[in-house]
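Asker: Annotated region 'Disordered' per TrEMBL: 1-32, in sequence order. Under the heading transmembrane segment, TrEMBL lists 121-142, 162-183, 195-216, 303-326, 338-361, 412-431, 438-457, 477-495. TrEMBL lists His436 with the feature active site.
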Amino acid sequence: MEPRAAQVQRRERLGRQQEDRPSREGNAEVHRGPDLVQWTQHMQAVKTQLLEQAQGQLMELLDQAMWEAVQAYPLQDRPVPSIPPDSLRKTREPSLGKRKVFIIRKSLLDELMEVPHFRTIYHMFVAGLCVFIISTLAIDLIDEGRLMMEFDLLTFSFGQLPLALVTWVPMFLSTLLVPYQALRLWERPQSGGAWTLRVGLGCLLLAAHTVVLGILPVHVAVEYQLPPASRCVLVFEQVRLLMKSYSFLRETVPGTLWARGGEGIRAPSFSSYLYFLFCPTLIYRETYPRTPNVRWNYVAKNFAQALGCVLYACFILGRLCVPVFANMSQEPFSTRALVLSIMHATLPGIFMLLLIFFAFLHCWLNAFAEMLRFGDRMFYRDWWNSTSFSNYYRTWNVVVHDWLYSYVYQDGLWLLGGRARGAAMLGVFLVSAVVHEYIFCFVLGFFYPVMLLLFLVFGGPLNFTMHDRRTGPAWNVLMWTLLFLGQGIQVSLYCQEWYARRHCPLPQTTFWGLVTPRSWSCHT
C-alpha cells in the first residue's frame, strides 16, 4: 500500500491542478473568443450568401416548372387541339420567350414592412409629412394670424374632376363592348363571304374604338382646359384601356382564327374579360390565382396611404418648387441659374419619384388587387437595389414591363426571326419613350421633349453600358446619383416651361409656337 504521506502529497497536487484548470481554460477562452466571434460572423455571411443563391435558383426552377405545367395542362372545359408544334408556334403563340405565369405572392414592400428596421424608414417619411403640415400651420399663424391649412394647389390640380370622370364612362364602355364583340364576330366558322363581312365589321368596330379612346380624352382636355391631375385621370385610363384591349385581342384572336379550320375553341367568357378590365395586370388570362377573402381594412389602409402621398406631393411642390420657379422666367437666363435650379430640384424630384412609386405601384394596385382577390401582387421588384439600368427598367414597373416584354420585345423577335434582339430592345425603348412623352405632354398641356431625350439619349446607352454584369455597391450608388440628376432635370425644366407659358402667352396660336419651348425666350 501507498504510505499516508505520499497519499496526502498526491491529493494536494491533484487539488492544485484542479484549481489551476479553470484559470487555464479561462485564459484559453479569452484568446479563443475573438477568433470564435470572427468565425461565427464568417459562417453567418456564408450561410446568408448560400441561402440567397439557393433561393434564386429555386425560384427560377419553380417558375420554369410552373410555366411548363401550365403549358401542358388543358384549360378547363376546353379541349386541347391537336396542332403540330410548328403550327401552334405560328398561330396561337408567335413568341420566342416565356409567357407570364401568375402565382399567389405578396408585394415586396408588404413583406419588408414586417421587418421593424425597414418599417422605421416608413415612419420617417410619415414624420416628414407631419413636419410639412406643422410648417404650413406655423407659417399661416405667423403671416395670417390664423390656423388654417389652404390647399390651393390641390384644389387647382383636381379641378373639373367630375368632367374627367364623366368622360371616362364612354371610354370604358367602348373598351368593355367593342373588343369582345369583335372577337365574337370572328369566332364563328362561316362561309367565306359571310366570314369576310364579319371580319370587316369587327375591324370597323375596333377602328371606332381606337378613335374614341384616342380623340375623346384629348378633345375634352383641350376644349375645357382641364388642370393637370384631372388630365392624369384621363391619360392614364386612355393608355391603360388601349393596352388592355390589345392584350385581350392578342391573347385570344390567334386561337379564334385558327378555330375556323374545324377545331372548337370557344371565346372566353364575358365575366373573365370584365374582371380583366379592373384587375391590376395588363396581360390577359381567362383565369388568375385568387385569394380566399377580402381584407377591407387593408384596402382602406392602402387608399388612405395613397391620399397621404397626394397631400405629400402637394406640400413638396408648394414648399420646394413653386417659390423657386414661379418667378424664374422673369430673371435673365444664365447657365449658373439653370444649373442651380437643377441641383435644387433633385431632392423634390426624387421625393416625387418615390411618392409616385409608393402611391400607385404599391398602394393603389394593392387596394384593387385586394378588392378583386387578385393573387399575384408582384407589381414591382427590388429596383432600389439595382446596380444597372437594365435591371432598374425591368424591376421598377413590372406591370408595364410584362406588357412591353410580351407584345413588343417577344413579338418583335418573332417577326424578325429571332435574330435581332438589339432591334427588338430598341423598339421597346422607342415605344416606352414615346408613350411617356405623350403622357407628360397631355398632363402639362405643352410639348417639351425632356422625357423623350432622357429616355433615348441617356436611357438607351445606359441600358447597354450599365448592364447586369455591373455589380457592387459603387454601381448602385452611381445608379441613384443618375436618378437624382435625372429627376432634377425633369422637375426644373418642366416647372420653368410651365411658368414661362403663363408669364409669356402667345399673341397668336401657331404650331411652332406650341412646340417651341417658351422658357428659352421668356424673360419679362
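Note: Cβ is positioned from N, Cα and C throughout, glycine not excepted.
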Asker: For the transmembrane segment (195-216), name the stretch out of 121-142, 162-183, 303-326, 338-361, 412-431 with the most CB-CB pairs under 8 Å.
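Answerer: So the stretch in question is 162-183.
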Asker: My understanding is the cutoff is Cβ-Cβ under 8 Å with a sequence separation of 6 or more in the same chain; which residues meet that for His436 (active site)?
Answerer: Met451, Leu452, Phe455
Asker: Taking 162-183, 412-431, 438-457, 477-495 as candidates, which has the most Cβ pairs under 8 Å with the transmembrane segment (338-361)?
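Answerer: That would be 477-495.
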Asker: Out of 121-142, 162-183, 477-495, which stretch has the largest tally of CB pairs under 8 angstroms to the transmembrane segment (438-457)?
Answerer: 477-495
Asker: Please give the sequence-distant neighbours of the transmembrane segment (303-326): residues at least 6 beyond its ends with Cβ less than 8 Å from one of its Cβ atoms.
Answerer: 125-126, 128-129, 132-133, 135-136, 151, 153-154, 157, 341, 344-345, 347-348, 351-352, 355-356, 358-360, 363-364, 367, 491-492, 495-496, 498-499
